[in-house]
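A short worksheet on the structure shown next.
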């Protein structure tokens with residue numbers, strides 16, 4: 001990593017970072033992709049995602065899977081961690097949380113392709129697993145997004161009890 005790539009990163013390396021308990025997309029930070037000529041996936045698994053049910057105010061837990069093909073920018077992982085943590089006291093439905101996360105990451109990075117899959121633990125005997133994806137309009141990634149959306153759960157996993 002070149003020193004100038006770190007100029008806009010304010011959270012990485014800080015020993016004392018305030019944890020925000022309300023949704024705050026402003027905490028997300030990006031840095032330059034040093035390999036924009038390559039197509040490659042970056043994947044994050046966040047097994048401790050928590051938000052609140054907007055009706056009951058009860059906590060909802062999920063593993064969030066974020067995969068993307070970067071273009072010019074990548075998301076900085078500590079800022080992503082703090083961003084996901086900011087949902088802790090945010091009241092919203094599972095489907096909206098996943099769509100908001102996806103749209104915030106698209107706004108930040110303008111990736112070639114991005115998908116966000118939330119696997120929420122069951123409440124009332126039902127688990128909800130919303131899936132969001134995006135492909136850069138007018139590119140092969142737009143068709144890729146459509147194909148993956150239509151086929152993303154073609155062979156569903158065996159649901160254990162998470």
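A Cβ is built for glycine as well, from the same backbone N, Cα and C atoms used for every other residue.
Note that the coordinates shown come from a computational prediction; the quantities given were computed from them, not determined experimentally.
Counting only same-chain residues at least 6 apart in sequence, those with a Cβ under 8 Å from the Cβ of residue 53 (active site, thioimide intermediate) are 59, 60, 91, 93, 123. Residues or ranges marked as active site, thioimide intermediate by Swiss-Prot: 53.
When other Cβ atoms within 10 Å of the Cβ of residue 60 (active site, proton donor) are tallied across all protein chains shown, the result is 22. The active site, proton donor annotation in Swiss-Prot covers 60 and rests on sequence analysis.
Under the heading substrate binding site, Swiss-Prot lists 75, 76, 77, 94, 95. Around the Cβ of residue 95 (substrate binding site), the same chain contributes 128, 130, each under 8 angstroms and 6 or more positions distant in sequence.
Neighbour density for residue 94 (substrate binding site): within 10 A of its CB lie 19 other CB atoms from the protein chains shown. For the binding-site residues listed here (75, 76, 77), the lowest count of other CB atoms within 10 A around the CB belongs to 77. Under the three-state DSSP scheme, residue 53 (active site, thioimide intermediate) falls in the coil class.
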